[in-house]
Amino acid sequence: MMIAQELGIYVVESKGGAILCLLLSLLCLGTWPALMALLERRGRLPQHTYLDYSITNFLAAIFIAFVFGGIGESTHEAPSFITQLTQIQDNWPSVLFAMAGGVGLSIGNLATQYSLAFVGLSVTEVTAASITVVVGTTVNYFLDNGLNRADILFSGVGCFMVAVCLGSAVHSSNSADIKAKLGKLSGDCETVTPEECQRLFGVEEEEEEEKEMENVKEGSAAFLIALENKRAIKVLGKSMVVGLGITFFAGLSFSLFSPLFNLATNDQWHTLKQGVPKLIVYTAFFYFSLSCFVIAVALNISFLYKPVLDSPRSSFREYLSDWNGRGWALAAGLLCGFGNGLQFMGGQAAGYAASDAVQALPLVSTFWGIYLFGEYRRSSTRTYALLVGMLVMFTVAVGLLMASAGERETRFT
């Protein structure tokens, strides 16, 4: 069975069930960034989008905790989610680990939203995911006392490192392609004005301009200029170092949350008193998501009034009245919430090092980037060759990390 009822809670028991959870998680976690990028490209403020996303992300955690962690009889060895909420005076060290992991995820996701605009969906996800795997997987391997096969696991880590190099080369080559396209259209690529966009399309009304933009060929210079005038975060002419710096920061933040969640549920550092049951996955995920939600709301309300990276200023009233794209933002939160929950459920059974295989989500994100946004359309042959190489290495990497999965023998003692 993939999911079994054990001592009143539902747990993933088999290696096959764990891998299925990880594959579903991979699909969810690879899709939600595409929705965030879509809204930014349509002009919705990132602060508005992230606040909506945070609400449903937290609701998904509550649903998972109550449905999978609160059904059945609670015992001392395996208390239910509800029971563990009343035991915080005993299990608070593990709760703090879980909440610290949530802070790391929230800051990482927030940074990702801005890096998506600066360096694109594919390169952002490749770089951030690879840093997460290299740092987080190594830490998880030692926390799990070698639960995963080291030879296979670290071969996968090596493939991710190669993919990072190829991803950087893809971005460099694609940036050169874009510069060449814009150079043919205008001698000044650092300044894009509405007047130039109007000259391209020969329209005056915004609605007509949007209609004309749909008819512009993806990847063309005209398309790039029209997109720049429409999007919420202006990026043309900005230093590539800014975007890459944000992406590296996001990756380092992401690399912390999985090891911290591992410590919260397995207590490898023996911070709990003898006889105190470890946090079940669902309780840890609830506290993890709670801190993620609080940090996200606090930071983004602040960013409404004091925006970063030249984003437009807003207010809480304007956020409440902004229904343009809200459904997509709420959907992104659900995808991320359920994706994280599935990752942790699979990781508890197969080992958290193997669960980091979901960091191969750039495979999914790159598909959406090419299909939805026309990334790399009309690029050079060199860019296409590097892109294929990057995707091949990611495919090999995720296969190796999943093949390294072990099975955890003890969960509740």
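Backbone N, Cα and C atoms are what each Cβ position is placed from, and that goes for glycine too.
Predicted, not measured: the structure shown is a model, and the values here were computed from it.
The topological domain 'Extracellular' annotation in Swiss-Prot covers 1-18, 72-91, 137-149, 262-278, 348-352, 406-413, and the record cites sequence analysis as its basis. Residues or ranges marked as transmembrane segment by Swiss-Prot on the basis of sequence analysis: 19-39, 51-71, 92-112, 116-136, 150-170, 241-261, 279-299, 327-347, 353-373, 385-405. According to Swiss-Prot, the topological domain 'Cytoplasmic' annotation covers 40-50, 171-240, 300-326, 374-384, on the basis of sequence analysis. Taken from Swiss-Prot, the feature ATP binding site applies to Ala232, Ile233, Lys234, Val235, Leu236, Gly237, Lys238, Ser239.
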Using a Cβ-Cβ cut-off under 8 angstroms and a sequence gap of six or more, which residues of the chain neighbour Val235 (ATP binding site)? Ala117, Phe118, Glu228, Gly243
Chain residues in Cβ proximity to the topological domain 'Cytoplasmic' (300-326) (below 8 Å; excluding those fewer than six residues from its ends, i.e. six or more beyond): 38-39, 42, 44-52, 54, 110, 114, 232-234, 242
In terms of Cβ proximity under 8 Å, which residues at least six beyond the ends of the transmembrane segment (241-261) contact it? 97-98, 100-102, 104-105, 107-109, 111-112, 114-115, 117-119, 123-124, 127-132, 134-136, 139-140, 143, 171, 235, 284-285, 288, 309, 343-344, 347, 352, 355-356, 359
Since the record lists Ile233, Lys234, Leu236, Gly237, Lys238 as binding-site residues, which of them has the fewest other Cβ atoms within 10 Å of its Cβ? Gly237
Ala232 (ATP binding site) has its Cβ surrounded, within 10 angstroms, by a count of other Cβ atoms equal to 18
Helix, strand or coil by DSSP: which one applies to Lys238 (ATP binding site)? coil
If you count CB pairs under 8 A between the transmembrane segment (51-71) and each of 92-112, 116-136, 150-170, 279-299, 385-405, the winner is 279-299
Ranking 150-170, 279-299, 327-347, 385-405 by Cβ pairs under 8 Å to the transmembrane segment (92-112) puts first 279-299
